[in-house]
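Here's the structure we're looking at; comments come further down.
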Amino acid sequence: MKRHFETTRRIVIKVGTSSLVQTSGKINLSKIDHLAFVISSLMNRGMEVILVSSGAMGFGLDILKMDKRPQEISQQQAVSSVGQVAMMSLYSQIFSHYQTHVSQILLTRDVVVFPESLQNVTNSFESLLSMGILPIVNENDAVSVDEMDHKTKFGDNDRLSAVVAKITKADLLIMLSDIDGLFDKNPNIYDDAVLRSHVSEITDDIIKSAGGAGSKFGTGGMLSKIKSAQMVFDNNGQMILMNGANPRDILKVLDGHNIGTYFAQGK
């Protein structure tokens, strides 16, 4: 199926920790530079881009020379707080090589639930984009909680990216993953797994293949991505799920190349 993005102007790109931090725990500088080049190239074409970036914990562990994530929530939040500063500092440095200015927006769920604060953050996005600035969004891990009477966490940045796409009325959400897209079953286990090129509806079969009950596909956080795709559908949007190994593939996708899985209703 031919994909047409000629009229796409506003894009949300979500990048996960696995695309920013190597398995050794070291920061993947080359990958971040490639991503900065691609995003800057899109902005130079006149597109508006919002980057939703995980990685605060990974950066914090690297900075603090810690081998593994701490168990205590307060310590996790402290490490993420340190990592967020380091991550934004690196983003600012690398994007400056391409004359791209960046900003930071840290969100909690209550900000987008209450109408007044939602309007404020919406205005902030619009102002930044109108000024040609790249908003870099993450959850405010240092203060987010998930208590029954005061839930402020989004859950993960897959969901956050779908929320950002909704409130900014983005034309397209591009979700970079460590897998090529949505398969009919786990490709790490089954050699005959088939990549789904196009998904027009989130069916029970797709939910099962992505990690639901009785699934063959139990790893990789794919279910969270499918739930995010449903949120995109609910807002009449479209989404690409693709491998983030080579960020320059984003340019190919926008040129219509059949890369990853394209989530679009009735297309």
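Glycine is treated like the rest: Cβ placed from N, Cα and C.
For S224 (ATP binding site), other Cβ atoms within 10 Å of its Cβ number 17. Marked as ATP binding site by Swiss-Prot on the basis of sequence analysis: K14, S177, D178, T219, G220, G221, M222, L223, S224, K225.
Counting only residues at least six positions away in the same chain, the Cβ atoms of K14, G16, V52, S53, S54, N138, E139 sit under 8 Å from the Cβ of N157 (substrate binding site). Residues or ranges marked as substrate binding site in Swiss-Prot: S54, D141, N157.
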Next on the checklist: Measuring Cα to Cα, how far is D178 (ATP binding site) from D141 (substrate binding site) in Å?
Outcome noted: 23
Item to check | Extent of the substrate binding site in Å [max Cα distance among S54, D141, N157] | outcome: 11
Next on the checklist: Neighbours of the substrate site S54, D141, N157: Cβ within 8 Å of the Cβ centroid, same chain, sequence order.
Outcome noted: T17, S53, G55, A56, M57, S80, N138, E139, D156, L160
Next on the checklist: Using the alpha carbons only, what distance in Å do you get between D141 (substrate binding site) and S224 (ATP binding site) once rounded?
Outcome noted: 18
